[in-house]
Structures are given as structure tokens and as C-alpha cells.
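Visitor: There's a structure below that I have some questions on.
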Amino acid sequence: MLALIHCPSLPLLQYKSNPSLKVLVLNFLRPEIREQNMKVLNSIPLHALLVMQLFSGLALSQDFDFFYLVQQWPGSFCDTQKSCCYPTTGKPAADFGIHGLWPNYESGSYPSNCDPNNPFNPSETSDLKKSMQTNWPTLACPSNDGTEFWSHEWEKHGTCSESVLKQHDYFETALQLKAKVDLLGALKVAGVNPDGSSYSLKDIKDAIKAGTGYTPWIQCNTDPSGNSQLYQVYLCIDKTGSDLIECPVFPRGKCASEIEFPSF
Ligand code: 5GP
Ligand code: 5GP
């Protein structure tokens, strides 16, 4: 079995029909399990091997299908039971901030923590730090300069799109995408302002669609009195990180039909 997983590009027919290849592949295994694997391989019908090869090939070639670009409204992050802390660099601007760029599968599930050997390394993104402080500010407590949030996002999500975006490019891509998508501008043009009043979820979605060209997914949280409020906006990005796309699948969760847009 190990041999099949490690060598998915070799046509399985060859494993079955070519004894020397089978031995070659089995030679990669430890001697004590080689014999056992040879027996297992010989006992599996060819059609079952073909199906298994298909799945092992898919798993290796398809890291993820698309990204969610997730932006948070700072007023809603702070306006909860848990409250928030401003970063050591000062109160962020009253604008949406990046939460993350998350590789996802079209099935709705997602990979996470894909490469423990590649932790966040601030020196790789030192040229982006100022822009990250402005556009990707942390609001978690205790106050810090953002490094903890960026490390978390890189390690949980960024490492799962390493095949496409190395560490520097991952952060640069997220910043470039945010610059392309002016969520607050799109909402304001439609008369949806962060003034603590309530707006219909439909008006919010329509405004973002009109401004960006793409359908967003809105995530709500609740203020201390239990009111539903605009917390995060999800937009979908193609696998290369270059273009917005219509979302192949939306996350789960519900907002009320009228939601608050708190000030910050
Ligand atoms: P929550 O439970 O607050 O929706 O999500 C908690 C965390 O799980 C998010 O901040 C994110 O790291 C991860 N997460 C939740 N939903 C998704 C999703 O649809 N795709 C990805 N890639 N991560 C998600
Ligand atoms: P996620 O929900 O993405 O899995 O986890 C987010 C993590 O980043 C949490 O551990 C949270 O404490 C931390 N974090 C730091 N700053 C922020 C922030 O501004 N917003 C959010 N949502 N999480 C933050």
C-alpha cells in the first residue's frame, strides 16, 4: 500500500504485470514489511488497485481548489462579550481588515496546518510589515504588533497553499487583493454606513456585489445585547491568488435578515 501512495504516477497496470517493477517499488520498503506488501499487492484485484491509484493521485495533485479572502469589521470584533485590544501600533483605521486568505476545497472542507517545518518568519515579510500593520491589524488581547495573528494565519492556512504562494507572496497577495476590493467604499456608496444602525442583509450583499462584481458571504456575530451584526465578509479567489471568482461553495452560518453595522 505504501508503494502505491508514494508512487502515484506509475501506472498500476505495471505494478501488476511487471514483476521487476513491483520488486523495485517494494525495495523502498523496510525488509520486514516488504514480504507482507508483496502478498497484499498480489491479493488485490486490479480494478480495486486502479480505484486506489485514482484517489492517491487526486490527493497529491489537488492541494486545494480556491481561496476565501476573509475581511473583518473591527467594530464587530470589538463589540462582543469578549471585547478586544488595539495593537501596540495604535488604533487601526475604521476600515475592514484582513483576517486571512484561506485555501479551501470545493467540497466545503479545508486543509489546515500543512507544514510544521515552515513556521512564520518575520524577516521574510519585513518589507510588507507596515502595510500589514495597516491592512491586517490584530485586535486580540493582549496587545501585540500583529506578529501572533500573522503567524497563526500563515501556519494554519498559508502553509496549505505553499505550492502556489511562498510565505512572502502569500502575505503580498492578500494585501494586493484587499487593495482591489474596497468593501467599505462599496457599502458607503449604497448608503450602508458603520453608524450603529441596522441594514438589510440583502442590501449589504447587493452593495458588495455591485462594488466588487462578486457575491460575498456575510458572517455575523452578536453584540452584548444579542443583536446580529456584520462581522466578516468572505469573497472567493482563484487558486493562483490572482482573481476574484464566484464562490464554488459558501461556509455555513446564518445572519438575521436585518443586521447592525457598528461604528469603530
Ligand atoms: P469559526 O468557527 O469562527 O467560523 O471559524 C474559526 C476558524 O476556523 C476561522 O477563523 C478559520 O481559521 C477556520 N475556518 C472556519 N471556516 C472556514 C472555512 O470555510 N474555510 C477555511 N479555510 N477555514 C475556515
Ligand atoms: P482563526 O479563527 O483564524 O482560527 O483564529 C484566529 C486566531 O487569531 C485566534 O487565536 C485569535 O485570537 C487570533 N487573532 C489575533 N488577532 C485577531 C483578530 O484581529 N481577529 C481574529 N478573528 N482573530 C485574531
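From the backbone N, Cα and C atoms, a Cβ is placed for every residue, glycine too.
Per TrEMBL, the features are:
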ACT_SITE  H99  active site
ACT_SITE  E153  active site
ACT_SITE  H157  active site
Visitor: Can you tell which of H99, H157 has the most other C-beta atoms within 10 Å, given these are the active-site residues?
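Guide: Of the active-site residues H99, H157, the highest Cβ count within 10 Å belongs to H157.
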Visitor: Could you state the whole-number distance in Å separating the C-alpha atoms of E153 (active site) and H99 (active site)?
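Guide: About 8 Å separate the Cα atoms of these two residues.
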Visitor: Could you round the CA separation between H99 (active site) and H157 (active site) to a whole angstrom and send it over?
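Guide: Cα of H99 (active site) to Cα of H157 (active site) measures 11 Å after rounding.
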Visitor: Does DSSP put H99 (active site) in a helix, in a strand, or in coil?
Guide: strand
